């Protein structure tokens, strides 16, 4: 769940400023062009006392803005921004500069460079400015959440939200809740199979996984089932689902278009309307939980209250006020849906194309959890291949193909000295497909993640080649529950069905619609296995 839509959208602008001057005098003034040549370096890998020539920033290639806009709007890369990473790395190498107005951005496209920056992060790592999200919060007097706040306040908020989520043992507490939602998912899957012409096909798995992920994360965060997996979805839930799409779809226009267009064109209003509906739905769920807690207090007194879940814990323990919860939980919700739904879609797509890996996974799953039994969190310690399938999927399709950091102090990277407030852009998509980090990088090879794999198996050659959940204190807050959620559902599916790609689906390509999604509907056939 690391990073969100605005990060991807703003990366599009990092390739170029809003003006047509590629890097004018103001941009050059942001960072000194030449650096002292005799200062000792503190770069990772440099031994004590090692001195080497520091490099001039003039050596770093610059991305021309006209080229970027031509590729974006004329050549059609607006939905292929991740592929621009591939083109730019081939042209400029693993590091290049681009500008957003006077602000310089340093794009990094190799695992060693990412590692150097990540290992020098401060106590309060700073993401790119979530300006559009903050504008909505400010207009409606809402508190900032974990993705919109920074500094010490972010640290305090993160410490509160970490509880009941961050540790594996804490995430395991949600196993029963996830399995309850998975039971309903399996029922809905069978209903859709039965309704298909073949009796075994689901025509749009990405949508079904999206509804599953939304149902699951709402149940975890708000302790409320919202009916996404029912035959007839409640009207307020339908409105909520549409509002998420409305917000994300109009984020692109809200990012690219100048502010003077907001009263004239409809996109900004639609963007705000989407957020308003999201927060309205969240407020309703929080208010219902507060009423439930008050009813318990009246009925049983303070000692009789049973803390039932995440939101209840945060409110009852005083970790968050209701107003703070209102600012934070919708942001966690936004991060929690796409990771699960997209990763599971891509995982089943690749498993359907590789029956040998799918059969090996089936044997592993039923060897630990026989048919008819429900997997539990402890079972996954004995399912290394299942974990490897998810890791390999996230390597090929990092949910958000870019991320960023604004450094809090002067740091050295690859011999270049960058001052405080430099913004680095992490090009995760091209890094995770780099042959120097992963052998046979374009192939789906889950066995590369297994310690006891055969010598001929493709290997992992750099630990920072794939970091889909981030690194350090700002790593993904919900990583453990996202992993558990995906493991539980994937195990159930492979335990019960053989998954086959529907003939009409064909080859898929990834499209950058905020996150990396398939370019068309993913139809899959689920053939029930014989016990």
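Using the three backbone atoms N, Cα and C, a Cβ is placed for every residue, glycine included.
These numbers come from a predicted model, not from an experiment.
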Listed range which Swiss-Prot flags as region 'Sterol-binding', given the options 339-353, 354-368, 369-383, 384-398:
384-398
Tell me, which recorded positions from 283, 476, 520 are within 10 Å of residue 509 (N6-acetyllysine) if we use the C-alpha atoms?
520
Please report the Cα separation of residue 476 (heme binding site) and residue 283 (N6-acetyllysine) in Å, rounded to an integer.
24
Counting only residues 6+ apart in the same chain, whose Cβ is under 8 Å from the Cβ of residue 283 (N6-acetyllysine)?
326
Give me the mean pLDDT over the region 'Sterol-binding' (384-398), rounded to a whole number.
98
Can you count helix, strand and coil residues in the region 'Sterol-binding' (384-398) using DSSP?
13 helix, 0 strand, 2 coil
Can you check which residue among the modified residues 509, 520 has the largest number of Cβ atoms within 10 Å of its own?
520
